[in-house]
Amino acid sequence: MVPTSNPERIPIRISTDQDDKLNWTYLDHEFYTYLKNMSCMTVMKLPYDRRCMMTQQVLDCQNIINLFNYFKMMYCAFHISDMITEIEVMVLFCLVVIAFLFVMTLTIDVFFAPTMKIVSMKLHMNEYLAGVTLLAFGNTCPDLIANLMPIRADAPIFTITVGNCLAIILLSGGMVCFLKPFKMNGPSTVRDLLFLLLSLIMLRSIIFSEGNVTATESIVLMGIYFSYLIINILDLLLLRYTIRKLRREVNQLQTSPGNASVVAEKKRLLNELERDDELNINDTKQINREMTGSIEKVFFFNTPKQRIRPPVVDHIANRTIFYNVGNPKNLFLLTEFFESLNPIDEAEWKLAGWCQRILLIVKSPLTFFLILFIPVVDFEKDKHGWSKLLNCTQIITNPFLMITLVHSSATSKYYAWYIVPNLDISMWTPCVTLPLATAVLIHSRTDVPPFYHIMFIIFSFSSSVVIIWVCASEMEVLTSIVGIVFNLSGNFMAITFGSVSNAMADIIANSNLALQGYEKMAFAAIIGGPVFALVVTMAIPFAFNTKVRTAGAAFWLYGEHGENCYIFLMITIVATLWWCMIFNFNARRSAGIFMWLIFVIFIIYCTGVEMDIVHEFSRDQLFNPM
């Protein structure tokens, strides 16, 4: 029970021991207000025996949590009492970041990327449209969720979003250009870069037009993205109309003599357009076999010869490869179940060297956990990844776990230093999923996936997005804590370590797709993702966050490094347009290295600003004397 007090003194609850026992104390109103406005960096300057109490009361420290309250873990559970122990815990946190990175890599490689390819093919998209829509949405959806969270209600989200866009374009774009040389779609690339430039200028103008953001202005931002989508869809329709027209013209000209040169030119143009229009399921296993032993047998800075696209997988044959109408419906049911849970692929193990095998062993517990709860839908695999007994159990366990995870993150109730699982909604999911799993178990066969197996993509895609979001959020929180402990500002951590952490999902997904022969899709997402981030992930929080309506909101929305990020993103867009036209829209390794160097210069400049060696691009704030 809360003890009574007079109105001028405020009771606060303090946990001072490992058992989380609650003690009550009183604070003057002025000191309580000071605690609410105190920075978490100030707490790090206090003696170690005072930090447990203060990290629980300082609002800034309470915002830097997600699934775990790391400050409470450090100073109340671990009882850190000296700098050496603190540094050791920071090293442990860095290892945890690596573990989250492994989970994110596996999720993208095993579940997210195959799902994107299948959905794109079913919707009859080409690589470019799939990249600027589905893949861009999947990559930036965690950023949209993060911008809607209370932790960013008064955060410099312009700086955070533009910093993330910089990391995506320069690091992920540089990686794709370095790993896989390819011929870009010139007009589409120029169009999307100009849309990115328009989105950036419009966003900055809206923030600074009146010093705040109105609901109407957020709708205008959304209108830019809808225009962008409509133009991309119309471009695909025009492409396919031109292909049909060229085919008719070639057929007509072939019947008339003396048109050999004209026919050859039209066939050349037709082949180029058909390559831009195609989207198939490639045989990535053959690529892995070709790459075994060496990434590229050329000099590091040389651009390798463009690879021929791998052969297309016959996904219809893969679906029925083991089907025999005379087989029992539950043939090898348990054998198939245990083989599906094997976290190490047999073919990958045989091709791997001893270093890769050690890595496979290290990743195997994480792989096993993911495979146990998330269904695999991959047209490259036999039976498209169908495993009857495992998939039936996942119908029950997957919604239960994902809803619990999302609902618990939304309610944010903690016991000691970890979040309390909230089962208020997920506890009712078996009422629906258990009968559904039973029906699938009775109806389906082990030797061929049922016709509704494609619906498992819903589980696979939604679970992938949730896991990527959780991993990216935890990595951002952990890197922020490391920065606070080492006395680095929140703005600096957001645009350096935070932006790199958020861009890791894009780097992994786009690099994997590029190596599998989907480099056009990857590069389209590298440009389309930032367009989505600057417009949609900013417009929706602007629409629901009432704090942006207040006078002077532009100051904290823009942040200390906002102008630095704005200018460097402008430089990045212009520089990308420049090298694309210089290289005739051929992605080269030198272009990738050039993009990496721009990001290194950006980090060096931000570090100089943080250490007060150089001045940021923004003007100093002037205040009228009282």
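Just so it is clear, glycine is given a Cβ too, placed from its N, Cα and C backbone atoms.
Taken from TrEMBL, the feature transmembrane segment covers 89-113 (among others). Within the chain carrying the transmembrane segment (89-113), a Cβ under 8 angstroms from the stretch's Cβ atoms is held by residues 70, 74, 78, 80, 138, 362-363, 366-367, 370-371, 374, 376, 378, 460-461, 463-465, 467-468, 471-472, 474-475, 478-479, 481-482, 485-486, 501, 504-505, 508-509, 512-513, 516, all 6 or more beyond its ends.
The annotation domain 'Sodium/calcium exchanger membrane region' is assigned in TrEMBL to 95-233 (among others).
Here TrEMBL flags 157-178 (among others) as transmembrane segment.
Annotation source TrEMBL lists transmembrane segment at 190-207 (among others). Remote same-chain partners of the transmembrane segment (190-207), defined as residues 6 or more beyond its termini with a Cβ less than 8 Å from a stretch Cβ, comprise 132, 158, 162, 213, 217, 220-221, 224-225, 228, 231, 235, 524, 527-528, 530-531, 534-535, 538, 554, 557-558, 566, 569-570, 573, 576-577, 580.
Annotation source TrEMBL lists transmembrane segment at 219-239 (among others). Away from its own ends, the transmembrane segment (219-239) comes close to residues 125-126, 128-129, 132-133, 188, 191-192, 195, 198-199, 202-203, 206, 273, 276-277, 531-532, 535-536, 538-540, 542-543 of its chain (Cβ-Cβ under 8 Å, at least six residues beyond either end).
Residues annotated as transmembrane segment in TrEMBL: 358-377 (among others).
The transmembrane segment annotation in TrEMBL covers 451-470 (among others).
Taken from TrEMBL, the feature domain 'Sodium/calcium exchanger membrane region' covers 458-607 (among others).
What TrEMBL lists as transmembrane segment is 477-501 (among others). The list of residues near the transmembrane segment (477-501) in space but at least 6 beyond its ends in sequence, with Cβ under 8 angstroms from a Cβ of it, reads 40-41, 44, 64-66, 70-71, 86, 90, 93-94, 96-97, 100, 155-156, 159-160, 163-164, 166-167, 171, 559-561, 564-565, 603, 606-607, 609-610.
The feature transmembrane segment is assigned by TrEMBL to 521-544 (among others).
For 565-585 (among others), the entry in TrEMBL reads transmembrane segment. Here the transmembrane segment (565-585) has Cβ contacts under 8 Å with residues 158-159, 162-163, 165-166, 169-170, 173, 183-186, 189-190, 193, 196-197, 200, 204, 495, 591, 594-595, 598, 602, 605, 617 of the same chain, all six or more residues outside its ends.
Under the heading transmembrane segment, TrEMBL lists 591-609 (among others).
Tertiary neighbourhood of the transmembrane segment (157-178): same-chain residues 139, 143, 147, 200, 203-204, 207, 491, 494-496, 498-500, 502-503, 506-507, 510-511, 514, 519, 522-523, 526-527, 529-530, 533-534, 537-538, 541, 557-562, 565-566, 568-569, 572, 576, 587-589, 591-596, 598-599, 602, selected by CB-CB distance under 8 Å and a gap of 6+ residues from either end. If one looks beyond the transmembrane segment (591-609) by at least 6 residues along the same chain, the residues whose Cβ comes under 8 Å of a Cβ in the stretch are 166-167, 169-171, 173-179, 301, 492, 495-496, 561, 564, 568, 571-572, 575-576, 579, 583, 615-616.
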